[in-house]
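Structure first, commentary second.
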Amino acid sequence: MANANEPPGGYAEIANPPQNTVVKIPRLGFGTYQIPPGYETEQAVSAALKVGYRHIDTAAVYQNEESVGAAIKKSGLPREELFVTTKLWNSDHGFERTLHAFGRSLHKLELDYVDLYLVHAPGSPRTRDETWRAMESILEAGKARAVGVSNFGVKHLEHLLKICNYRPAVNQVRTRVARLTSDLSPPFLECYRALRIVFDYRPADNQIELHPYNQRKDIVGYCRENGIALEAYAPLTRGRKLNDPPLVEIAKKYHKATAQILIRWGLQKGFIVIAKSTNRERMKMNLEASLSQLPVTDFEIGPDDMAKLDALDEKLVTDIWDPTAEP
């Protein structure tokens, strides 16, 4: 039976190297991709928090960070009970641009820190190393509890692990940044330009599209071998496969909606699942798929049916762009 104080689905753990601790991340998150900023985002996030979500996922490019922050503020929930993720967009790659972009995101969210900050996509190889060095400095400053990536393929991860897998260069002394805001002073930037400090901080997390129809086994295998947590976005295939006959058949067997089967598949695979809906009843259904402490929602997909779901893989990319294929 799950702990009554845990969020639905329980927690996964990701690393925080500066503090030599682990960060607990709720395994079921609420995504805000393509929810318009303003009233719609604020209402959706507020509803998600009311039905039990404690993990909220946004991004600079979604243009709804302010609305997410407003909903969090109005919820009255203690900050330590929430897990907030945002992401750095491609146009802000590079060392200084990353720091400025992060400051803007914090300001819009009206938060002192985020729980997880992700590089949204690999971007240009020319700025990738400097971008990650900025991510490390944000982590070292304590303004993000963990840092990671999104949409990185194996080749991107291999390179990143090469450039981040060594010790600080200046007499092995870490320079800590006491304050990081949107108003980053020139001396701060000059300090990091001169020192080029690189910490032994691997990405804690890789957020990629994952569902039975696109299982990305190469990326999943690599992340697991290297201790990188996996977050599954678009777990419901953006609605494309909800009426697929094999999926419908399994859903009927468990007396569940096909969306719940897809979420449950991701959780049983050990992924952190980012679901999205603006409908409160669907939010509850998605949460129900992750619960295990109540008899009415205590269901697990059996091995034979998991194997049937595994057999559905067709490498379906539901967006017009597959960043894992970038150089």
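Just so you know, glycine gets a Cβ as well, placed from its N, Cα and C.
Note that the coordinates shown come from a computational prediction; the quantities given were computed from them, not determined experimentally.
Here TrEMBL flags TYR62 as active site, proton donor. Cβ environment of TYR62 (active site, proton donor): THR32, TYR33, GLN34, ILE35, PRO37 lie under 8 Å away, each six or more residues apart in the same chain.
For HIS120 (substrate binding site), the same-chain residues lying six or more positions away in sequence with a CB closer than 8 A to its CB are ALA59, ALA60, VAL61, LYS87, LEU88, TRP89, ASN90, SER150, ASN151. Annotated substrate binding site per TrEMBL: HIS120, in sequence order.
The annotation domain 'NADP-dependent oxidoreductase' is assigned in TrEMBL to 27-178 (among others). Summed and averaged per residue, pLDDT over the domain 'NADP-dependent oxidoreductase' (27-178) gives 88.
Marked as domain 'NADP-dependent oxidoreductase' by TrEMBL: 200-299 (among others).
Sequence annotations record features per position, and here TrEMBL assigns site 'Lowers pKa of active site Tyr' to LYS87.
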